[in-house]
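Engineer: I have a structure here, written as structure tokens, and I will follow up with some questions on it.
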Amino acid sequence: MRNLESIVAQPPISMISDSVDTHYVITGGNLYGWLVNCHGFLHNIGLIVPSLLFVVFLVVQAKKSFVKLSNDRSLVIIAYYGFLWLVALFNLAWCLLQAWECTSARQTPWNILSLFTDAGMLFLEVSLVAFLLQGNHASGKEALTRTFVVSGLIVAFDTLLKAIYLYGFSIPVFINDGEGGSRVKWGLWVIHKLLLTAVYGIILYMYNSDWRERLPARPAFYKYTTIMFCLNVTASLACMLLTGHGASFGAWLYGVTTVCYHALYLPLLYVTFLADFFEEDALNLESVYYSEMKDAGFFDADWEL
């Protein structure tokens, strides 16, 4: 009864103001609020601009890429190009809708969008490593099927585990409030990042060992591996800090790695795996690979003999 009396006694202008404030929180209010709310202007712009530019780049290059794919008919390249398009669109939506993360009324669609986006990014990441680790055997339909099956199983397990944490135990896996938060959540992310760090670390070790010849003779792949290793080491450190002391610095560091991953990973993957295919013909492509291998010292042993 007291609550009813307070509502009746409240001036109409105040009630309208409260309604507008609620709408502002849910929808972002305007362009300024949409860009500044939640994680801040630099964080949002750092995500939106690169991801939007990459999608625009794919659109501009689409006709040329489709002609190249139809002429070459490489199952591997066609599959990766198709997945890249799909994940790029999901990632752009994820970057544009950052305000949902900080709005309680939008957290359910935010979690679903984050699950799909994270699964797509991880699938591209795992499948690229799995495919290239096959070396000279990485060609044809069998290699593609084997790669996608293994990658799909890994990503399905990872997504299922996150869904259990999210919906089974009500742990906000994809909500970053800028503080330490749940140690269980950050413990999950520590394991996730450390596993990826270990994979890239093993590949780098192989590159500097006698197993070097088992890996693809492409320096661009090792540069990609080095970048991803450093990124995952940094992300692992950030998640560890968020489980205990140093949560403020950990939250900032985790935000930086998140922006770098979602803004730059897909362009990095394109440059590493697809750019040469779309820009060079077969003869020039062989010359490019030969030059890369020569610069990396793959033929030094031949000169020593």
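Just so you know, glycine gets a Cβ as well, placed from its N, Cα and C.
Please treat TrEMBL annotations as automatic predictions, because they have not gone through curation.
As listed in TrEMBL for this protein:
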TRANSMEM  41-62  transmembrane segment
TRANSMEM  74-100  transmembrane segment
TRANSMEM  112-133  transmembrane segment
TRANSMEM  145-166  transmembrane segment
TRANSMEM  186-208  transmembrane segment
TRANSMEM  220-243  transmembrane segment
TRANSMEM  249-271  transmembrane segment
Engineer: If we skip the immediate neighbours and take only residues 6+ beyond the ends of the transmembrane segment (186-208), which ones have a Cβ under 8 Å from one of its Cβ atoms?
Structural biologist: 125, 129, 133, 158, 161-162, 165, 171, 173, 180, 214-215, 222, 225-226, 228-229, 232-233, 235-236, 239-240, 242-243
Engineer: When you scan the chain for residues with a C-beta under 8 Å from the transmembrane segment (145-166), skipping those not six or more beyond its ends, what do you find?
Structural biologist: 79, 111, 115, 118-119, 122-123, 126-127, 130-131, 134, 138, 172-174, 184-185, 188, 192
Engineer: Could you tell me what the rest of the chain brings near the transmembrane segment (220-243), counting residues at least six beyond its ends with Cβ under 8 Å?
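Structural biologist: For the transmembrane segment (220-243), the sequence-distant neighbours (Cβ-Cβ under 8 Å, at least 6 residues beyond its ends) are 125, 129, 132, 180-181, 183, 186-187, 189-190, 193-194, 196-197, 200-201, 203-204, 207, 249-251, 253-254, 256-257, 260-261, 268-269, 271-272, 292, 296.
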Engineer: Sequence-remote contacts (6 or more beyond its ends) of the transmembrane segment (249-271), Cβ cut-off under 8 Å?
Structural biologist: 39, 43, 46-47, 49-51, 54, 84, 87-88, 91, 94-95, 121, 124-125, 128, 176, 178-180, 220, 224, 227, 231, 234-235, 237-242
